[in-house]
Each structure stands twice: as C-alpha cells, then as structure tokens.
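K.L.:
According to Swiss-Prot, the protein carries these features:
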BINDING   GLU117, LEU159, ASP160, ALA161, THR162, ASP283  substrate binding site
BINDING   GLU117, ASP157, LEU159  Mg(2+) 1 binding site
BINDING   ASP157, ASP160, ASP283  Mg(2+) 2 binding site
TRANSMEM  11-31  transmembrane segment
Amino acid sequence: MAPMGIRLSPLGIAVFCLLGVGVIYHLYAGVLSSRLAFFRQKRTVDLRELLALSIDAAVQGGREVKRIREDNTLEEKSKGKTKEGASEKYTLGDLNSHRKMYYLIKNTFPNIQVNSEEHANAEGEATVWTRMIPEDILAKVSGGKEIPAEKITVWIDPLDATQEYTENLLKYVTTMVCVAVDGEPVIGVIHKPFTGYTVWGFVGEGSNVAPRDSYNTNSPKVIVSRSHAGKVKSFVQTAFGNNTEIIPAGGAGYKALALLNPTDDKQETADIYIHVTYIKKWDICAGDAILKSLGGQMTTLKGEQIDYSGLEGNKGGLLASMKVDHKALVKRLPLWEDNKQ
C-alpha cells in the first residue's frame, strides 16, 4: 500500500506563505513597539548610550548635508539678519539634517530637552536607534551612568557653517551634538560630512582625539571667524602683539577642532580660538565639551564658564585654549564693548 501524503494546492501554498509573512510582521512590529515603549517609560538616561546615539545622529544628519550639496539642491533662503547685520542663511541641507538628528534623539529619549538651530514644520521621522554602541566607546567609557532626563539638555547644530556650505567651502562644514547636564557641557560630538571624520569627547571619561604636544602663547596662532576677521584683528593684536598670526575660518566646530591634534589633513591648527560677538549655544557647546574632556577650557572673554541651560545665546564672547594657563590668557585680553550687546 502506498504511503499517505499531504498535497497542497497552489492556492493553499499562497495562503500558507501569507500567514507566515503576517506572523513575522507582527513579531517585528511588536519588537519595535516594545523598544519604543521601553524608552518612553524610562525617566533616566545612560550617558554612554546618549554618546553613541549622538554620534549616530551627527553622522545621519551629515549624510543629508553631503547628499544635498552633491545634488546641488540647496534651496538657499534667509532667516533674516544676524546681530551684526549679515544675512543668516539656511538650506534644505540644514532642514533635512535637523529632521534626521532631532527625531532620532527625541524618538529614543522623548523625555529629554533637545534644542536645535533649525525648526522643521514637516512630520517627524519614525527613526529608531539600533542601540549599537561602537567598540571605541565601549573600551573608553564605562556604562551605568544614569542621569534623570530632566537634568539633560541636548544642543544640536544640524549644519554648522551654512554660509561656507553655500560657497562650497566644505572643509568648514560640520554637524554637532552636545549633551549638557545641569547646564554643564558633558558630551560633545563634531562630525565632518565631507571627510567622514568624527570627533567625540566625554568629560571625565575620554575622547577619540588628543591634544597637541605643545601650544605657543607668546606668539600664538589665533583662529577667528572669517566673517569678523577684520573686526577682531586689533583686539587680538592688542592682546598678543602685532606679529600674531590670525587664521580666519568658518564654523565654530571647525575652529574648536583647530586646537586639537586631528587626523583630518584638511584641518588647520591654532593655539587659541577667539570669538568677540554674540554666538548661539548650539554652535559652541560640542566644542566646549570636547575641549574640557581633554583638559582644555572654553569661557567668555572674561573667563566665565558658559551655562548651557536657559536661553540659546552667549553674549560674552569666547576664549578657548588647551594645555595652557587660561586665566593668564584672560588677563591679557583688552576690554571688548561689543560682547555686552
């Protein structure tokens, strides 16, 4: 007698396959929803996870910045005028990068405050962080640093150096994320979209970059904003002498990295970073955290620490240094009236 068997018709096979796909979909959807629910219920944040997330956000935003520049679809517009009267530009690169960065962070940790230079009216993206922590972070940063969400403020700059971005001066362009705890900069990430170079620092834990071996404060190289280079020249020369080399550059992130020993061969280097006019906190917080993680300083021109809670602006100018007597530098600076505006 021949063995009994089960034969499925083509219709039966199709129904069976559809049922299988349905089961897989519901299982996957359940994993995603449970992951989102986990983060929404959590009222504390692990800072090592937030560092890894910040790097991912900066890189994802950077991809948008690079793609739009390469496609030449900038859609350049103006927000208005800066306090100095210059046109404050924004592009599709700024907006798309903002969406990627802002919603990745907010979807992962909805209870933390996120301040961004840009504001998009479009619907948020359903982006979920993979929770993958890079090996270099696992090696250098210990876990378990849980901080109440209400103590945290995240500052993001989706595209630093927009003016230079529109001029195709791409070495100055960065995306940045900074994490402040009770107003103090703790984590900083600066990513260069056009070279793929990323720098991070975690105060008290370490960084993936190092300072240089020495810095010259007798006849220093001073990096300043290229849009204010003429205005700040006399200020710098009064402090450090007429032969002081002044390096005009775009982007606050780029200028902060100039004080370090980066492996990016397109990065200029300087001994001191000075800014004399009003500047937004999303421009400087990441650089401040990275410098502090390596023993450096970023203060107002009067030597005051910058509070990264509250209002978005810093009116006191900026002095940044590494491995030198920062207080002695402050004493050499002349009075600058514009920083009171």
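Using N, Cα and C of the backbone, Cβ positions are placed for all residues, glycine too.
Help me picture these features in the structure, burial and contacts included.
P.N.:
Long-range Cβ contacts of GLU117 (substrate binding site) within its own chain (separation 6+, distance under 8 Å): ASP94, HIS98, ILE156, ASP157, PRO158, LEU159, LYS280, TRP282, ASP283.
Secondary structure at LEU159 (substrate binding site), as computed by DSSP, is strand.
Neighbour density for ASP157 (Mg(2+) 1 binding site): within 10 A of its CB lie 33 other CB atoms from the protein chains shown.
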K.L.:
Around the recorded substrate site, report the further residues of that chain (criterion: Cβ within 8 Å of the mean position of the Cβ atoms of GLU117, LEU159, ASP160, ALA161, THR162, ASP283; site residues excluded), sequence-ordered.
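P.N.:
Neighbours within 8 Å of the Cβ centroid, excluding GLU117, LEU159, ASP160, ALA161, THR162, ASP283: ASP94, ASP157, PRO158, TYR165, VAL173, THR174, MET176, GLY251, ALA252, GLY253, TRP282.
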K.L.:
Here are the binding-site residues: ASP160, ASP283. Which has the lowest count of other Cβ atoms within 10 Å?
P.N.:
ASP283
K.L.:
Could you list the residues of the same chain, at least six apart in sequence, whose Cβ is under 8 A from the Cβ of ALA161 (substrate binding site)?
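P.N.:
Expected: LEU169, TYR172, VAL173, THR174, GLY250, GLY251, GLY253, TYR254.
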K.L.:
Enumerate the residues of the same chain, ASP157, ASP160, ASP283 excluded, that satisfy the criterion Cβ within 8 A of the mean position of the Cβ atoms of the recorded Mg(2+) 2 site; list them in sequence order.
P.N.:
GLU117, LEU159, ALA161, THR174, MET176, GLY251, ALA252, GLY253, LYS280, TRP282, ILE284, ALA286
